[in-house]
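> Provided herewith is a single structure, encoded as structure tokens, for subsequent inquiry.
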Amino acid sequence: MNHSQTIVIKIGTSSLAQPETGKLALSTIAALVETLTELRQLGYDVVLVSSGAVGVGCSRLKLTERPKKIATKQAIAAVGQGRLIRVYDDLFTALNQPIAQILLTRRELMERSCYVNAKNTFDALFELGVIPIVNENDTVAIEELKFGDNDTLSALVASLINANWLFILTDVDRLYSADPRTFPDAKPIKVVNSLQLDQLQVKAGNKGSQWGTGGMSTKLTAARLATSVGVTTVITHGKKPENLLKIINGEDIGTKFEAQLKNDNARKRWIAYGLLPRGKLYLDKGAVKAISQKGKSLLAAGILKVEGSFDSADAVQLCDETGQEIARGIVNYNQEEINKIKGNHSNQIPELLGYDGGGTIVHRDNLVINGTFKN
Ligand SMILES: Nc1ncnc2c1ncn2[C@@H]1O[C@H](COP(=O)(O)OP(=O)(O)O)[C@@H](O)[C@H]1O
Ligand SMILES: N[C@@H](CCC(=O)OP(=O)(O)O)C(=O)O
């Protein structure tokens, strides 16, 4: 028995639906249900992030392609999500495995109290022996505040619950140097470490298959996000869910993205990936060095330029002079105030603003270096 490992498995529409008809790929789903139940019985905490609401809804309503109009897509997701969860519940019930449905929106994870609540709910479900099945709450999510694709959602869920593994199941067996559908000579990629992931030169199409959304590029974004918080990420074929246990046991299947050092600071993970940055602060070289190498807080003196419209307590990107993001943090002042005090010594703030809100623009406890949690 292994009580300490948490596994997030994301399955895409391309694996859940038959490519020709868009109908449910029942044998794949049944195999997935068997594997997840087995993992649960082995003592793993298991979360399934399942796409398919729009695809299943389209099939139910006999539509031959995904609609473009947002309201129609949201309506179709409402039709499909119910059917999808019904299929899962029937199959899991046959194996005596209880499940739960969790529908998340980006907006909720931005709220610290909702984020913590969601985490506590996952923990409580694990204690009850339940497998949570997560999807985006497509019916209410608004366009500007969407995860957009379930690859990103699965990485954020993995970060939220501090998972050990993220498996992204899709309709190719691994990542290739280019889309193997269009480039049959593309080379398979088996292992990617964090340095290689930063420099990875693959043609990662963002078109996806007929029913999928993001293609490979959103999977790479998800891998970057998850590995940076210590989650080993694997892209592998959805048709063979039984491979999951083999991969955990070290077999060379799929593409494995090696995790960076795990960081147990849940609040910092929330700052890095729960919050959506509302603006940008451009910093001079001294400030970049102070926050990224010396673990210092950000002071007004090192700020060159302010972009965006944000309030105090919002998240912003902290960038070098060229606009390259080096960190994220929560600001103590709004953009108007920072514009007035930027480039000035902290002791001038009371005179410049007419009140003293403290000398720190972003405290180091509220600051995360490029998602790597170095400080
Ligand atoms: N470099 C690449 N390596 C592998 N597959 C790729 C690559 N670039 C694009 N793809 C395409 O990405 C598709 C999977 O994405 P998508 O259809 O969105 O899947 P899902 O529904 O599982 O999220 C594959 O069918 C493949 O054609
Ligand atoms: N929430 C959407 C997910 C869309 C999505 O990301 O699809 P996919 O690329 O197949 O993982 C749905 O359930 O249809």
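Residue numbers in this text run from 1 along the chain shown.
Cβ atoms here come from the backbone N, Cα and C positions, even for glycine.
Unlike curated records, TrEMBL annotations are generated automatically.
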> TrEMBL records S51, N150 as substrate-binding residues. Which of D138, D173 is assigned to the same site?
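Substrate site check in TrEMBL: besides S51, N150, the record includes D138 out of D138, D173.
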> Which one is it: of the binding-site residues S51, D138, N150, whose Cα lies the shortest distance from the Cα of M216 (ATP binding site)?
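The answer is N150.
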> Taking ligand 2 as the reference, state which of the binding-site residues K10, D138, D171, M216, T218 have a Cβ closer than 6 Å to one of its atoms.
D138
> Between the Cα atoms of T218 (ATP binding site) and N150 (substrate binding site), find the distance and write it as a whole number of Å.
9
> Tally the residues of the domain 'PUA' (279-362) by DSSP class, grouping H, G and I as helix, E and B as strand, and everything else as coil.
26 helix, 27 strand, 31 coil
> I'm trying to understand the geometry here, so how far is the Cα atom of D171 (ATP binding site) from the Cα atom of S51 (substrate binding site), in Å to the nearest whole number?
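Per the Cα atoms, D171 (ATP binding site) and S51 (substrate binding site) stand 13 Å apart.
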> Within a 10 Å radius around the Cβ, which one of these binding-site residues has the most neighbouring Cβ atoms: S51, T218?
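Sorting the candidates by Cβ neighbours within 10 Å, the top entry is S51.
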> Per DSSP, M216 (ATP binding site) is which: helix, strand or coil?
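In the DSSP reduction, M216 (ATP binding site) maps to helix.
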